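Worksheet for the structure shown next.
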Amino acid sequence: MAASKPVEPQSGSGLPRWQLALLVGTPIVLGVGAVYLWNRRAKERKRTGERKTPEGSASPVQGKDGESPLDRAQAAKNKGNKYFKATKYENAIQCYTEAISLCPKEQKADLSTFYQNRAAAYEQQMKWTEVVQDCTQAVELNPRYIKALFRRAKALEKLDNKKECLEDVTAVCILEAFQNQQSMLLADKVLKQLGKEKAKEKYKNREPMMPSPQFIKSYFSSFTDDIISQPLQKGEKKDEDKDNEGEAAQVTESSGYLKAKQYMEEENYDKIISECTKEIESGGRYTAEALLLRATFYLLIGNATAAQPDLDRVINLPDANVKLQANALIKRGSMYMQQQQPVLSTQDFNTAAEIDKRNPDVYHHRGQLKILLDQVDDAVADFDECILLRPDSALAQAQKCFALYRQAYTGNNPTRVQTAMDGFEDVIRRFPKCAEGYALYAQALTDQQQFGKADEMYDKCIELEPDNATTYVHKGGNLDRAIEMFNKAINLAKSEMEMAHLYSLCDAAYAQTEVARKYGLKPPTL
């Protein structure tokens with residue numbers, strides 16, 4: 001894609017994306033080129049059982065003389081279970097209340113069960129506050145009580161307490177090692193709701209913000225055949241008097257576009273949009289270039305609404321340079337993908353390939369789109385074409401290795417997996433400054449349970465891109481730093497959708513820190 005932005009996964013893609021901030025090693029990268037989303041646990045069985053029934057036998061135990069208080073409490077609980085099964089919830093509540101009052105306080109495991117069972121009966125009556133209260137009692141007695149935590153999470157959702165709901169369901173997912181789809185779906189649902197709510201409020205009040213020079217350079221580095229990102233050419237600079245054919249050269253003072261290009265070289269990015277506007281309004285010689293450059297910076301500051309008309313004009317200009325039109329199609333196609341319009345995105349990439357068949361950028365960015373659409377074979381073919389046209393494209397080389405690794409891993413082909421791993425080694429040797437190469441290799445190494453070497457790769461990626469929040473999440477052990485990076489990324493979000501996605505990831509990471517603090521739980525290392 002033309003920029004590194006989160007993209008909502010397509011429906012039916014498997015596990016919810018929210019595990020990114022919870023499960024160390026899930027292969028997702030927000031690199032220079034694209035967002036990769038791959039459910040590497042797709043073949044694992046997930047329990048989907050409901051948690052509706054109370055615990056313990058449904059058959060009542062007859063009381064006898066000489067029974068202990070615990071025996072009498074158990075008998076009351078079993079009687080309550082029988083009423084629960086018969087949907088006589090008020091009677092069941094009375095029995096569970098009796099069990100709670102009879103149970104010795106030192107019998108914490110039994111007492112927690114009685115509270116949880118009464119919460120289950122309250123749940124059937126939709127008394128959500130009572131459910132939360134009883135589950136809280138159960139969890140205080142047994143902090144890793146999955147049924148009580150999940151029941152409380154569902155009640156908190158009903159009470160619109162999403163923050164605490166998320167913390168509870170996060171604890172449940174970790175305790176279940178992410179094997180129960182029911183709890184994971186609740187977590188995904190709450191995270192999306194939280195993300196959308198926060199993004200809607202923040203995005204409408206946000207001021208456009210120019211990304212850091214490092215981000216802008218990374219963005220433009222994903223294009224190798226882009227006229228507007230090239231340095232000023234001979235004949236364009238102020239001191240040039242003549243061009244190669246002896247005609248008067250365009251001086252910078254008379255061209256807003258050439259001034260904008262000069263500002264790009266000086267990293268004075270805040271002045272570029274205004275200078276391009278001057279060129280466009282004057283109908284200058286570089287109107288098409290100015291439209292594309294202005295659209296690009298509108299995208300960079302998160303104003304897709306302003307960018308699209310400029311991109312449309314460049315694409316539809318009858319006499320525009322083909323390179324400009326192809327670049328505009330790539331950027332509009334990437335924008336459509338961010339807006340979850342994959343059909344329009346695909347059309348733009350295909351049109352770009354038709355009009356500029358030897359442009360490596362077309363195949364590089366379309367290959368990333370194919371990865372997101374889970375069309376891995378087509379993605380590999382596009383990366384191959386890009387590499388054929390531009391052998392020094394580090395991003396395409398790294399992303400092709402990841403696509404090949406994905407094919408081999410999902411196909412359970414150890415020989416091809418090793419070939420892909422060897423390919424990663426070759427990529428980082430040939431392109432030691434390509435952060436995405438290290439990040440993608442680290443994810444594959446984590447899959448192969450080579451955690452020590454994966455950490456080395458993540459460290460190298462962090463060294464090259466210290467502001468990449470996702471790398472901290474993958475690496476694990478530094479969620480506070482990841483949260484800090486996500487908050488920075490939120491302020492630079494280019495769309496409300498991207499901001500919502502980042503809020504979801506940040507909330508997931510924060511929930512994990514709270515779970516670790518409260519219960520000492522951390523995601524399993526795979």
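Using the three backbone atoms N, Cα and C, a Cβ is placed for every residue, glycine included.
What TrEMBL records for this protein:
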{"type": "REGION", "residues": "43-74", "note": "region 'Disordered'"}
{"type": "REGION", "residues": "232-252", "note": "region 'Disordered'"}
{"type": "REPEAT", "residues": "73-106", "note": "repeat 'TPR'"}
{"type": "REPEAT", "residues": "360-393", "note": "repeat 'TPR'"}
{"type": "REPEAT", "residues": "435-468", "note": "repeat 'TPR'"}
{"type": "TRANSMEM", "residues": "20-38", "note": "transmembrane segment"}
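Confidence for the repeat 'TPR' (435-468), expressed as mean pLDDT, is 86.
Counted with DSSP, the repeat 'TPR' (435-468) comes out as 27 helix, 0 strand, 7 coil.
In terms of DSSP secondary structure, the repeat 'TPR' (73-106) contains 27 helix, 0 strand, 7 coil. The residues of the repeat 'TPR' (360-393), classed with DSSP into helix (H, G, I), strand (E, B) and coil, number 27 helix, 0 strand, 7 coil.
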